[in-house]
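Comments concern the structure below.
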Amino acid sequence: MMTLRHLPFILLLILSGELYAEEKQCDFPTVENGRIAQYYYTFKSFYFPMSVDKKLSFFCLAGYATESGKQEEQIRCTAEGWSPNPRCYKKCLKPDLRNGYVSNDKVLYKLQERMSYGCSSGYKTTGGKDEEVVHCLSAGWSSQPSCRKEQETCLAPELEHGNYSTTQRTFKVKDIVAYTCTAGYYTTTGKQTGEAECQANGWSLTPQCNKLMCSSLRLIENGYFHPVKQTYEEGDVVQFFCHENYYLSGSDLIQCYNFGWYPESPICEGRRNRCPPPPVPLNSKIQPHSTTYRHGERVHIECELNFVIQGSEELLCENGKWTEPPKCIEEKEKVACEQPPSVENGVAHPHSEIYYSGDKVTYRCGGGYSLRGSSTITCNRGRWTLPPECVENIENCKPPPDIANGVVVDGLLASYTTGSSVEYRCNEYYLLKGSETSRCEQGAWSSPPVCLEPCTIDVDHMNRNNIQLKWKYEGKILHGDLIDFVCKQGYNLSPSIPLSEISAQCNRGDVRYPMCIRKESKGMCASPPVIRNGDIVSSAARTYENGSSVEYRCFDNHFLQGSQNVYCVDGVWTTPPSCLEPCTLSFVEMDKNYLQLKWNFDNRPLILHGEYIEFMCKRDAYISETSIAGSVLRVQCDRGRLKYPKCTPRDRRLSFQEALRTRRQMEKR
């Protein structure tokens, strides 16, 4: 029975628990341009959050130092977080200054420190002065100190593939010279023209004209291209080909322009992604016409005059086959049309009291007007086809229409007359549909193209549908591209169709993800395999259903190699992981090899498999290997074994006392 005398002890426990909880203030620190000891990363959940007043060391990467200029420094956990903020800055070293001098003898400069330097007679600083002050910033010196020969004049360099605006070749300081590159060549900023200023230390930039290059092309799946180069010059054309049983989707020819490759590289699709020409019923026509038809595309069937459709007006391309086509059956009775529609500023010929299917009329416009559309319309089963318009003759068009996710790349003018045209290009990853060119005709532009949106993979949607990617996709997926999935282990497309590979098509930014369901049980598994230095997280059962899994864990300080989960597949377990032993630091081996630890934080009883530890030779010893000393003294733990490097003691002369001691020993003998 609890009494009042137990109350202080209980309160103490509660308060100390609250205080302990409040002390855990500091999360895992991120060290810019540096790191902390490896075991903190490995046992992150054990050490963090860290209690107030706890300390740890961090060290900087090569070429960086702490704010105080040290290679290693300690930080302390406070109620406000880590103090000081762990950060490493790029070291600012005293420059090796030719034809100049530095105002002090310091070798290393801390952050925000200033350094003053000057140049010898006849030389100027990078800013064109006799003396200059630079600051040590986090990325190095504010400007790299150097001394350049002072010049009263500048000589224009030889300009290949370009011309200067003047025949003059010698220029005074502050003179500016303009130059133009020949066709196909550009300045360093990618322009056709450029300027350079003559300064006391030479030209502000060296005039030059270079040929623009396009990047190398990535290989296409199930295809190849020719020619293959590391870089391509402007104007180069590359042709693409597909392997047997695959077809090109896109242009087979692409060209290197000053803005890059255009059009985009095609892809090679398999037979199942394409359909043959659609079956056209007798007495009909199809829209739209195309040279290729891809999975998911549709065509419209329209019967000829005096024929009616029986069945669906649309055909769908599905996995290389067309849906069932309709039939066009002849009408038994003629159907009359009303009088042709009237067109403003136009007349129709010939005139009749009654019109039947198949009858045609033609429109003509009055003076000062032109036809827009087909001049002839037809009576078709009681309805007239679309009549034309008579529009006023206007030569100029407004600026070309903008398109979503695309731009005009060629043909921009101050004004546009009939016959003018512009060329469109879609943004990266967007697929151009329609004609890339739009023309000005009688004051109106022909229809511009449409840029079809790409798709991005939705991982959450995939997880809900029990699927994963078959291949790794980089960046976006173009409209029309197929994405290959596989069912996750233990799942199938459906019980009746045991397919493991499934595909979906990108359609204007949308992907219809397939769904997999759990497989039917085909076999039970016995207890999961036993592993050395580890066990399973949950208690083992005698039997497991097909598709079930168990999770392994390693004993403390052991490194898990492989998948921590194994699965029961048709009565057999997948391969279990291995638990790799840690290494134990031996000070006996260190003394034998004249070694000591380079870093204090490496003084720990265990080093995990894969972790590195750095040694250094003791005083009056040197590394005996012929390799680079730094790499030899950095050792990795490999399955419980450390290969200690060997340092050799230096030869040294005997001291007076040692010589006297040696002499006495010799005399005793």
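Using the three backbone atoms N, Cα and C, a Cβ is placed for every residue, glycine included.
Fair warning: this is a prediction, and the values are worked out from it, not measured in the lab.
These features come from Swiss-Prot:
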{"type": "DISULFID", "residues": "Cys26-Cys77", "note": "disulfide bond"}
{"type": "DISULFID", "residues": "Cys60-Cys88", "note": "disulfide bond"}
{"type": "DISULFID", "residues": "Cys92-Cys136", "note": "disulfide bond"}
{"type": "DISULFID", "residues": "Cys119-Cys147", "note": "disulfide bond"}
{"type": "DISULFID", "residues": "Cys365-Cys390", "note": "disulfide bond"}
{"type": "DISULFID", "residues": "Cys397-Cys440", "note": "disulfide bond"}
{"type": "DISULFID", "residues": "Cys426-Cys451", "note": "disulfide bond"}
{"type": "DISULFID", "residues": "Cys487-Cys516", "note": "disulfide bond"}
{"type": "DISULFID", "residues": "Cys525-Cys568", "note": "disulfide bond"}
{"type": "DISULFID", "residues": "Cys554-Cys579", "note": "disulfide bond"}
{"type": "DISULFID", "residues": "Cys583-Cys637", "note": "disulfide bond"}
{"type": "DISULFID", "residues": "Cys617-Cys647", "note": "disulfide bond"}
{"type": "DOMAIN", "residues": "90-149", "note": "domain 'Sushi 2'"}
{"type": "DOMAIN", "residues": "212-270", "note": "domain 'Sushi 4'"}
{"type": "DOMAIN", "residues": "273-330", "note": "domain 'Sushi 5'"}
{"type": "DOMAIN", "residues": "395-453", "note": "domain 'Sushi 7'"}
{"type": "DOMAIN", "residues": "454-517", "note": "domain 'Sushi 8'"}
{"type": "DOMAIN", "residues": "582-648", "note": "domain 'Sushi 10'"}
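At the 8 Å Cβ cutoff, the domain 'Sushi 7' (395-453) and the domain 'Sushi 2' (90-149) share fewer than 3 close pairs (sequence separation 6 or more) and do not count as touching.
For the domain 'Sushi 4' (212-270), the most Cβ-contacting stretch among 90-149, 454-517, 582-648 is 454-517 (pairs under 8 Å). Mapped onto DSSP helix, strand and coil, the domain 'Sushi 10' (582-648) counts 13 helix, 23 strand, 31 coil. For Cys583 (disulfide bond), the Cβ neighbour count at a 10 Å cut-off comes to 21, with all displayed protein chains included. Using CA atoms as reference points, the disulfide-bonded residues Cys88, Cys554, Cys568 were checked against Cys516 (disulfide bond), and the closest is Cys568. The CA atom of Cys92 (disulfide bond) is located 14 Å away from the CA atom of Cys60 (disulfide bond).
Within the set of disulfide-bonded residues Cys525, Cys568, Cys583, the entry lying nearest in space to Cys440 (disulfide bond) is Cys568 (CA atoms). Nearest Cα neighbour of Cys397 (disulfide bond) among the listed disulfide-bonded residues (Cys60, Cys119, Cys136, Cys390, Cys487): Cys390. Neighbour list (Cys365 (disulfide bond), Cβ cut-off 8 Å, at least 6 residues apart, same chain): Val343, Asn345, Gly346, Leu371, Cys390. Summarising the environment of Cys617 (disulfide bond), the number of other Cβ atoms within 10 Å of its Cβ, over all protein chains shown, is 22.
On the 0 to 100 pLDDT scale, the domain 'Sushi 10' (582-648) averages 82 in the predicted structure. Non-local neighbourhood of Cys426 (disulfide bond): Asn405, Gly406, Leu432, Pro449, Cys451, each in the same chain, at least six residues away, with C-beta under 8 Å from its C-beta. Ranked by Cα separation from Cys147 (disulfide bond), the disulfide-bonded residues Cys525, Cys617, Cys637 are led by Cys617. Of the recorded residues, Cys119 (disulfide bond) and Cys136 (disulfide bond) place their C-alpha atoms 19 Å from one another. Reduced to three states, the DSSP call for Cys568 (disulfide bond) is strand.
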